[in-house]
Amino acid sequence: MTTVIDATMAYRFLEEATDSSSSSSSSKLESSPVDAVLFVGMSLVLGIASRHLLRGTRVPYTVALLVIGIALGSLEYGAKHNLGKIGHGIRIWNEIDPELLLAVFLPALLFESSFSMEVHQIKRCLGQMVLLAVPGVLISTACLGSLVKVTFPYEWDWKTSLLLGGLLSATDPVAVVALLKELGASKKLSTIIEGESLMNDGTAIVVFQLFLKMAMGQNSDWSSIIKFLLKVALGAVGIGLAFGIASVIWLKFIFNDTVIEITLTIAVSYFAYYTAQEWAGASGVLTVMTLGMFYAAFARTAFKGDSQKSLHHFWEMVAYIANTLIFILSGVVIAEGILDSDKIAYQGNSWRFLFLLYVYIQLSRVVVVGVLYPLLCRFGYGLDWKESIILVWSGLRGAVALALSLSVKQSSGNSHISKETGTLFLFFTGGIVFLTLIVNGSTTQFVLRLLRMDILPAPKKRILEYTKYEMLNKALRAFQDLGDDEELGPADWPTVESYISSLKGSEGELVHHPHNGSKIGSLDPKSLKDIRMRFLNGVQATYWEMLDEGRISEVTANILMQSVDEALDQVSTTLCDWRGLKPHVNFPNYYNFLHSKVVPRKLVTYFAVERLESACYISAAFLRAHTIARQQLYDFLGESNIGSIVINESEKEGEEAKKFLEKVRSSFPQVLRVVKTKQVTYSVLNHLLGYIENLEKVGLLEEKEIAHLHDAVQTGLKKLLRNPPIVKLPKLSDMITSHPLSVALPPAFCEPLKHSKKEPMKLRGVTLYKEGSKPTGVWLIFDGIVKWKSKILSNNHSLHPTFSHGSTLGLYEVLTGKPYLCDLITDSMVLCFFIDSEKILSLQSDSTIDDFLWQESALVLLKLLRPQIFESVAMQELRALVSTESSKLTTYVTGESIEIDCNSIGLLLEGFVKPVGIKEELISSPAALSPSNGNQSFHNSSEASGIMRVSFSQQATQYIVETRARAIIFNIGAFGADRTLHRRPSSLTPPRSSSSDQLQRSFRKEHRGLMSWPENIYAKQQQEINKTTLSLSERAMQLSIFGSMVNVYRRSVSFGGIYNNKLQDNLLYKKLPLNPAQGLVSAKSESSIVTKKQLETRKHACQLPLKGESSTRQNTMVESSDEEDEDEGIVVRIDSPSKIVFRNDL
């Protein structure tokens, strides 16, 4: 405000120094600094009116503003009666300091322009930009300076002539950018012209400052000139990068505060400009340009969702206001420079030199483009002759040149630059700005049309017509649904049609199918290129959506989007966006150091996990984005040859991503688990935010309550962002405590194990024990996958024989003293612990612990002896089978019988038995005892020898005990042998679209519980549960499922099938109705490595009669609301609970 007041005081001083009429004196007395605000408001109103009236015409908006400004200036400075208060405001703004004028408008305009540029296009066009901005400006300055010196009659020296040449060599970014956006030029051409105008504006200012110093009498040698140029240019780049890095780091600490984020961008742009221009003596223009491009490259993904939209709209509004003011003010300055001067007659003689100077400027532009054309064709995207013509014709001049000429006028009136020279500089510059905007700006669209550069290519035209045809079909379907009403009756389709102008062709008729069934499927290379481009745009849009939803981080999003940008430049060949991701998706070389004892394993693990986690995010996001884009392309084009080609290319690229995820899953599954955990956490928190917002809409909660709940969820989101879960090896004591076997181990037994120095981590391919060797101890598996293989066991039906978290391996062999039944080899990174046989056998003195150990050993035998049934069943589910009434462990004496009904299966753990009713042969332990009237699919169909069958698998209804025997009988009728392992549909598959009213109904269904909360039921059921004493098997089941001893009632609410419906429902966990838009990136658990193979196996696996199958689950599913999606997925447990910690635990 001080500056405005000072300008007003200067204005009054000038008025008092001149002879003025009484009317002007009266106006002077009424002048007020507040009149400057009136000019701003009037300019904005005129700008709004111009934009509204000129919409749909060929007159550029900026040209209209310049004409309005000249008209206002002419009325104020040229007419006998001035404009009063408005005139006072015009004079206040007109007398503003040129440097202040640049400092007010340039930072906002330059930052908005450079921030909106696409990074990959900047990279590709950078060589062309630099050529036009540096050599181009120098060539233009030399040409203009030489022509002015030779042909103009003002007896200027070379320094003054070159000063005018440098001043007029800058194509103004404000004018050029505004014009290109309005005309809709191609992206490639817009990037070159816009980037050149940004860069050469800074270069021209530097050249101008250099020649101005020389013209003012400051002699400089070559060393000082080079030093000055390096300081101005390199210093500007360095300051821009410094401010960019500092502000982007600051942005990382701002969470969901759009106002602060936008304010930071404003503050940093102006502060960087001031620091460079006034404090460091560098170029403020180059500084802000560098800052904006740095933001475009590294901070674009920092603004997500509403913040990004708000930022875009804000800077669009700032650019619009600044453009409106600066072009009207430029017109005022031009009018004042021409009319309000004592040298009008002299300038009148200079009009012909003004037009001659305009011709020189066009010729110099032709020389610049012509000389650099061979190099321009070799860099970036290249340049053809049509684009060269547009490049020549788009060399507009604007506010920057005017501000520089004003500074020359202010510096004039001395022995070096006369006052007349300063006035001529302003006159020529204003005239050139007017002519380039009026002539070049108004005719650029005509030139584009003349060169046929505004015509849509045939493929795009066909796509447009096809889209209109599909829009017509959708409009007809919508009319069928909405056109008839019980109360109001039918609607009139012709009237509806008259309002839908978008469905009509150029001749006003409704569009018809444009392809006749074949054109859309033609193999035209241009059409194929266009479809690839649209496909990649869809992939990039999905990346943005995933970033907004928190599925990927900012760094990951930058990598993914850069790969798409690079692929967009090569759409003439097959899809290649995966090629740009390959350097980021691999196992790091230092992963091999995990085998080494030289480098600390924890350090190597930390860096390897960081790299693999990022690679998994990239791969999963790539697969999801391509899946969605393929579906969208298929929905849009249907069955077409050209669509099939692009879809096949996408699927081929996805194979490599799938292979990498499978490799990580088999080698380091903990990484995928952390990725999945983070994404699930974010999705759940977003679901809660949506639920809270819906509560506010329906009015069930008050504003204060909503704010409290919203802050609580935002706290969780902030914690997830700043302290995400990571993979870290847990402490041995924690691992032992969380293992299900620990419930049977006395504290005195566990304490020495917790302080053991043994290394718990085994890499892939390590053999834990070999088949036939003497049992030396038991292996506890805490995390990872262990593969088994055996020569004597008939495991032909086991497609993927593995054990995972919670397994106790070798326990049966230790209890019986028999050799190990199979080889055990780690199939991924495994966290495990070895306990000697003597320590385990010492626990058998307690009968309860002894029974538990036998039950625990039976879990592994089920998978070894009956892989057809139990191979894909997780350990926690088998423990649920053992811990319920579905199993019974019994010790038999000689002569007793063991009966196996049709819905059961038995395991002979100790002793010998003989089957009754068939060939009597001695059966030794271990053996699976199946009923003779059961489904034959459960029996081993391999061509194994008779000894194998006798030893490990028998069929009979009754068995006679020959010696003391121990057996456990399982009732698998409730288990459901025909049940495949249900999984939630992969989130790589795009979610089904659901209307907003369906989502609203699902939310309202959730609200019902708010009105009838069971306040006392928890306490009552808790008292009943506390009275119950859990067996060791039940406690082990809790540890296996939840990772710790838990409140049974609370867990039964979420996993009711385990406690309420016993085993029959423990495989199915009810899924919360999530927002379809909040799908999760797939990160499968280790049990899904061969899901496809498991499903194929079950096609051949027969089923026991399920007489005992309960109808509970059927009743439960029937009672579910019809509002729920019929394809609602199933949430499936991950076999091993994730050992996830937070970074503050490091």
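A Cβ is built for glycine as well, from the same backbone N, Cα and C atoms used for every other residue.
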Membrane topology agreement for P98 and S412 per Swiss-Prot
yes
Take the C-beta pairs under 8 A between the transmembrane segment (192-212) and each of 59-79, 100-120, 353-373, 388-408. Which stretch has the highest count?
388-408
With the transmembrane segment (29-49) as the reference, which stretch in 59-79, 100-120, 128-148, 228-250, 314-334 has the largest tally of C-beta pairs below 8 Å?
314-334
Recorded stretch, among 128-148, 228-250, 279-299, 314-334, 353-373, maximising Cβ pairs under 8 Å relative to the transmembrane segment (100-120)
279-299
Could you tell me whether the transmembrane segment (128-148) and the transmembrane segment (353-373) have 3+ CB pairs under 8 A, leaving out pairs under 6 positions apart?
yes
Contact set of the topological domain 'Cytoplasmic' (300-313) with the rest of its chain, CB cutoff 8 A exclusive, min separation 6+ beyond the ends, reads 115, 119, 248, 251-252, 256, 258, 261-262, 265, 547-548, 554, 557-558, 561
Tertiary contacts of the topological domain 'Extracellular' (149-159), as residues 6+ beyond its ends and Cβ separation under 8 Å:
211, 214-215, 353, 356, 421, 424
I need to check the long-range neighbours of the transmembrane segment (279-299): which residues 6 or more away from its ends have a CB within less than 8 Å of a CB in the stretch?
102-103, 106-107, 110-119, 122, 198-199, 201-202, 205-206, 231-233, 235-237, 239-241, 243-245, 247-248, 251, 265, 268-269, 272-273, 400, 558
Per-state residue totals over the topological domain 'Extracellular' (149-159) - DSSP helix, strand, coil:
5 helix, 0 strand, 6 coil
Tertiary contacts of the topological domain 'Cytoplasmic' (50-58) (same chain, 6+ residues out, Cβ under 8 Å):
64-65, 68, 442, 445-446
Within the topological domain 'Extracellular' (335-352), what mean pLDDT does the predicted structure show?
64
Residue numbers, six or more beyond the limits of the topological domain 'Cytoplasmic' (121-127), whose CB comes under 8 Å of its CB atoms
187-188, 191-192, 195, 293, 296-297, 375, 379-381, 565, 569
Which sequence positions outside the topological domain 'Extracellular' (274-278), separated from its termini by at least 6 residues, show Cβ-Cβ distances below 8 Å to it?
99, 103, 235-236, 239-240, 243, 284, 286-287
